[in-house]
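**Student:** Could you have a look at this structure, given as C-alpha cells, before my questions?
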Amino acid sequence: MVGDQSGRTEPRLLRGFRDLMPDEMIARQRLISVVQDVYELYGFVPLDTPALEYADVLLGDYGEESNKQVYQFTVPEGDVVALRYDLTVPLARVVAQYRDLPKPFRRYQVAAVWRADKPGPGRFREFIQFDLDTVGSESMLADAEIISGMCDTLDALGVARYRIRISNRKLLNTLVAYAGIEAGRAHDVFRVLDKLDKVGLDAVKLELTVGRVDASGDPIPGLGLEQRQVARIEEFLALPQETRSEALDAVEDLFREVPHAAEGIEELRDIDRFLSFLSISDAKAAIDFSVARGLDYYTGPVFEALLLDAPKFGSIFAGGRYDGLVERFLGVKMPGTGASIGIDRLLAALQHLGAVKMRPSTASVLVTVMEPDRLAEYQAMTSELRQAGINTELYLGTETSLRKQLQYADRQKIPVAVIAGSEEFEAGTVSVKDLLEGVKHDIETKEREEWVRARFGQRTVPRRELVPTVNELLRAQSHQS
C-alpha cells in the first residue's frame, strides 16, 4: 500500500490502464451505438460472455507470441483461469457448448479485453472491442457482408476517405511454397509481413533476413531467409493492385504453376463479385496482398480498414475467416468469419479527423434556478421537457447567480438554457436561451439585469410554449452544426 504518514492511500492507476471521463464515455457510447445500429440492420444479434475463462479454453489459438500476453492466475479453487484476450475464442467456446444455436449464427459483442502488452501512447492493457461474426456459413457472401458493414459503419460515422484492404491466408501459404520457405516458418513470415504498413519494405526485408534495430534501439532478430526467397516475396508484394480484378489476374498468373493456389484466388473472386453487386468500389475495398493479420487462427480471407487521412492509427477494423477455430472443441470443422473494431482507437482517430464532438454532458437543456423558493415550478418545467424526450438537467448547485449557472452550462457544453425569474413567473412566460449563440457573440453575463440587456439568441415565450420552443431551437442548432 502506498500512502503518506497520515495513513491515507495514494489514488493511482495501474500502468497500462486508464479512467475514462464523461466526455470520452459519451463519445464512446455514441460510437458503439452507430456500429450496433448498422449491424443490427444486417441481422446480427447481441451476445455476452464472462471476462474470465479457463486458461486451457483461451490458450492455443492465438499463437506463441500472443499467448504470452494473456493474463493468467490461479483462483482459490485451484483452477488456472485467464482474462479474455479477444472475443473470438470465447465465441468459439459458446458455439461448441450450445449445440442448438441456429446456424448460421450471426452475433455481435461489445466488451473489454485484456492484454499484457507493453504500454505506450495509445496502447493500453485494457480496451473495448466490438466484434461481429457469422459462424456456420461457408459462403464468401458472409465475408462480403462483414466488409459491406464495415463500409456502412464508416459512412455512418462521416469518414470521407477510407480503404478496406483484403487478402487471403491461403495465398500467403502459397507464397511460402512459391518462395521455397519451409511451411513451419509460415507464421513467422506472416508476422513480419503484417508490419509492412507500419515499418516499410526496407525494414521488413531486414527482419526477413539479418534482423534490425527498432525505433527504441531494441534489436529484432532476423528470420535468416535467403535473398532469392526475399526476392520472390518482393515480387508478390509488387503485383499490380489498382483494381480487385487486376490484382486477382496478376496473382493467378504468378502462381499458375504452384499447387493449391486456385482455392484462395477463387474465394477472393467470389468476394469481389459480391462486393460489386453491393456497389462497393475498388477505392473503398481493395485487394492488398501484404495484409496477413497476426493471429494463427485465420484460415482464409483476411481484411482490415484504414483511415486514409489518419494513417498513424493503423487498422481500426480488422478480421477474417477462421474455419478451424471451433474444431478444437468439437473435433469437426465449422466455418466462421468475423471482424473486430478497436473502439478506442477508432474514437481517437475520429477525434483527430474532427469527426466527433466531445461533450461532458448528455443534457441538451439546463433549467436554471433563479428563485429557490419556486423549485416545484422549475421541477415541472424539467419534467415536461423530459417527457417530450429532451435530455434536461435541473441546476442543483449552490450558485444563485445567473452568470455562474450559465458558466456551468457552458462548461458542460449544454446548448440551451431555460431561465425564469420573478418577472417571467408574474407574466406567465419563460425565456429560452441559445447558449451556442451566446458563446459566438462572446457575451460575459454578470447578473440578470445585464443578461436582459444583452439577449443574443434568446426568446421569451408563453409558458405553455416551452417545449415546442426548445425543440425548435435544438433542431436549428443541429442543422448549423
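All residue numbers here begin at 1 and follow the chain in the order shown.
Each Cβ is built from the backbone N, Cα and C atoms, and glycine gets one as well.
Okay, so TrEMBL annotates it like this:
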BINDING   Asp86, Leu87, Thr88, Arg115, Gln129, Asp133, Arg293, Tyr297, Tyr298  L-histidine binding site
DOMAIN    4-360  domain 'Aminoacyl-transfer RNA synthetases class-II family profile'
**Student:** Can you tell which of Thr88, Gln129 has the least company, meaning the fewest other C-beta atoms within 10 angstroms of its C-beta, among these binding-site residues?
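**Tutor:** Minimum Cβ neighbour count within 10 Å, taken over the binding-site residues Thr88, Gln129, occurs at Gln129.
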**Student:** Calculate the per-residue pLDDT averaged over the domain 'Aminoacyl-transfer RNA synthetases class-II family profile' (4-360) and state the result as an integer.
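**Tutor:** Value for the domain 'Aminoacyl-transfer RNA synthetases class-II family profile' (4-360), mean pLDDT as a whole number: 92.
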**Student:** So which of the binding-site residues is most packed in, judged by how many other Cβ atoms lie within 10 Å of its Cβ, out of Asp86, Arg293, Tyr298?
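**Tutor:** Per the Cβ count within 10 Å, the most buried is Tyr298.
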**Student:** Which state, by DSSP, holds Thr88 (L-histidine binding site): helix, strand or coil?
**Tutor:** helix
**Student:** Need one number for the L-histidine-binding residues Asp86, Leu87, Thr88, Arg115, Gln129, Asp133, Arg293, Tyr297, Tyr298: the maximum pairwise CA distance in Å, whole number please.
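**Tutor:** The L-histidine-binding residues span at most 21 Å between Cα atoms.
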**Student:** Using DSSP reduced to three states, classify Gln129 (L-histidine binding site) as helix, strand or coil.
**Tutor:** strand
